[in-house]
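Undergrad: Take a look at this one; I'll ask things after.
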């Protein structure tokens, strides 16, 4: 029984279909990870050192964007509250470090459990709706988490919480050094990428993707679409929680601003910027976004005045994101093996 | 918890609900007819408030300033429709969300550049200053009554237009089946412009009316936008009656929750922990209400007719 997408909205599906022509796309992903792995070397050869911090931060957001791509790109569920999971991860880290429990092997299970719980509850409610209502409800739940963080007066409330030490990992201190922090983040990103790619390629992932195209058909085929979506939502939330852990350690600070709805909007933009549903597109999108932010905010404190219209123009005039553009360029150069 | 405080807070809740209704009505109308999710609706509310600050300051007359602010808000709204929104009606919701999100970034920052980041305010107009004595020892500001009254009047007008006029009939028809209306020879683009102009005016009006009692600052529209989403989800997407009921529920629950949650929790908690829990719980209360409504009725309390 094939679970091929219905031909309904072919243009959209083409732009968004993950890993469709099997050869070229992993090549981009491999190149991407090789480049990232070579980054510290490039820094020792003279690339500005703050790039290492910037790329670490970009990779942290890439983990969150990647997890969002699982539900938004593959599952077709536009969640506008994804920053809540980053916030849960960051706050769990901040609170436990403040309470003297800075071992990552203690913190991470707490984060995963808390994110899974929050995702299961909010997902069970919001997945009862479709389309625009889902967008609005996830936005509202994200905002709920934001106000909850503001009300945590014991842990900084509105002002946020400064962390005076970083986590340890099995007794070692990989987060104390910039280069080792970089590699831990890269390894986490690669692990999450491998995990989500495996999920997408599995029977579960194909059912999730097929449900985006035609939920009724998938239901008739014998899958419980609601449960598949909920499981994907929970997995996605747990992975985003990991990025919150890394973010809190990198910035030595946690604040409600981590959960603001603008942050959720930025995550969506990273996914769309890279190319919806392609997974490595989310990573490219996060890198591009943080570099653009870095450059523009270096020019003017009012960088959003430039960035906002850029988003509008991007939406109006491009399809398929950066990955689509790269693909088009690649096929122009290598037309011999093209479809 | 005294009766007089309760009455005052119920009035505050009503007034907040009416304000939310004005914003949510435009949002739900635009969504219902055009299937267009406009995140920039909140910044249009904010623009209404800022324009009121400028024009009331320039003219020195509240009503004249209000009228000029509304006209300017409408012009800006139509310009946005022409430049951006018009190209998004056929796109999927993800594109609409992103493009209007970009506009929010632009306008929030733009407002900061033009008017500065510090909160501004509009003086309460002279003929609406003072308070009304409701009962012994209960005074309530006239301006807030005026706000409730004008909000109800606008709501009534909206109801009349939608239910009793030809334009309203087209709106309702468009909400059920836009392509059918178009096939019957109605210029759907013009209809969309009218709907959008309505929505913009409502948001601008709400912002301008709120300016004398709230601080006018960048980002003020974002909070209202998200509350308006909660209102729409609770009331039923695309339904103006639903928006009205939802707005009153959200306004009352939020206001009463914030004022009485502490006292309620004090009955079975120590004072400091009641304060901490109360602060957290009261800011989450409307979202809990939304979750409960959705759990019981995923389509909202009063869903629009003819939508599936």
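Placement of Cβ uses the backbone N, Cα and C atoms for every residue, glycine included.
The feature transmembrane segment is assigned by TrEMBL to B:6-29, B:36-56, B:62-85, B:97-118, B:138-162, B:191-214, B:226-253, B:274-296.
Give me the lay of the land around each of these features.
TA: If you look at the transmembrane segment (B:36-56), the same-chain residues 6 or more away from its ends with a CB under 8 A from one of its CBs are 23, 26-27, 30, 62, 64-66, 68-70, 72-73, 76-77, 80, 85, 88-89, 93, 96-97, 100-101, 103-104, 107-108, 111, 114-115, 120-123, 199-200, 203-208, 210-211, 214, 216, 218-226, 228.
A Cβ distance under 8 Å defines the sequence-distant neighbours of the transmembrane segment (B:138-162), meaning residues of its chain 6+ beyond its ends; these are 4, 7-8, 11-12, 14-15, 18-19, 21-22, 25, 124-125, 128-132, 168, 171-172, 198, 202, 205-206, 209-210, 212-213, 240, 244.
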Undergrad: Can you see whether the transmembrane segment (B:6-29) and the transmembrane segment (B:226-253) are touching - at least 3 CB pairs under 8 angstroms, only pairs 6 or more apart in sequence?
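TA: Between the transmembrane segment (B:226-253) and the transmembrane segment (B:6-29), which are separate recorded stretches, there is contact, as judged by 3 or more close Cβ pairs.
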